[in-house]
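The transmembrane segment annotation in TrEMBL covers 15-40, 52-73, 93-114, 134-157, 193-214, 240-262, 268-290.
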Amino acid sequence: SPQQHNLTSYNVTTVAIFTLEAFAGMWINAFLVSALCIGWTKKKTLNSNEKILLLLGCSRFWNLCFSWVYSFLSKIYPYCLLVHPILQLLQAAYSFFNCSNLWFSACLCVFYCIKIANFRNRFFVYLKAKIDRIVPWLLFWSVIFSLTMGILVYHTIEKAACKNLNFTCRGRFWKATIRLEEHFYPLHLLTGFIYTTSLMAVIVSAVFLLFSLWRHKRKMQTNSLNSLSVDAHIRAMKSILSFFIMYSINFMSLILTLIYSTKYQNHVMFLVYLIQHAFPGVHSLILIFSNPRLEKALLKILSCVKCKVCMR
């Protein structure tokens, strides 16, 4: 029928757009991980900033990978998701990498704040001295918390599927999907808590850095001196503020998901998925251009690719 044809065309177009976004983001994060691993093999060590970026790049790469697979199957081959345990595994893996992406990003912002901001508070001075020892523990507990989230998602879908879904009834797929989403309200609230906590970490880090930058610039003007610390403050602020803006947009997409998860609203959910697919790639690109070594490596690769294309 014409309605089914329009729906099929819409799904194909949606998958094509998501594929471009996902593969671009995967390439960017793959470059980030590869560049850090090459530097790791040369220096035989990684500093705290590079450890966070390495795990952040890995989590975003796999987050985009599983998100794309789910989007592809749900739009092109929706009944594949009714085959046990494809839906459970995809959603659990996506939740794990999405949650770890959020926590690693928050860790990066907190690290920038503690490492660069200048305060005389004893506790802050203690954190600055111990930050390199604290970072591995922050990353470890981020992974544990994310793994717990993934396990909760798997068991929630498993329980809902066994209780409510009739896998032999093909004509009731979307109704079954909606009934499945209703079991996700507690997990949506938990995800909202994770988003809010991470966002608060970003906001607090940005406020502390702004206050530290303001104090430092006033001190430098009084003493008529220049300092490299101002440049470090500004670079960190650009990274954190860019993340804050994008994170706020991503937070709004979560709110839209909560509102429309049980209502099959194509256009609204398309906007949500568009934002969620763009976020990991765009922010990683900003992080690359805020790091002189990574920026130089990326521009070198792009120039080589440009030369090969021109030669053809």
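Keep in mind that glycine also has a Cβ here, set from the backbone N, Cα and C atoms.
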Residue numbers, six or more beyond the limits of the transmembrane segment (193-214), whose CB comes under 8 Å of its CB atoms: 99, 102-103, 105-106, 109-110, 112-113, 116-119, 149, 230, 233-234, 236-237, 240-241, 243-244, 247-248, 250-251, 254
Region pair the transmembrane segment (134-157) / the transmembrane segment (93-114), three or more CB pairs under 8 Å: yes
Recorded stretch, among 15-40, 52-73, 93-114, maximising Cβ pairs under 8 Å relative to the transmembrane segment (268-290): 15-40
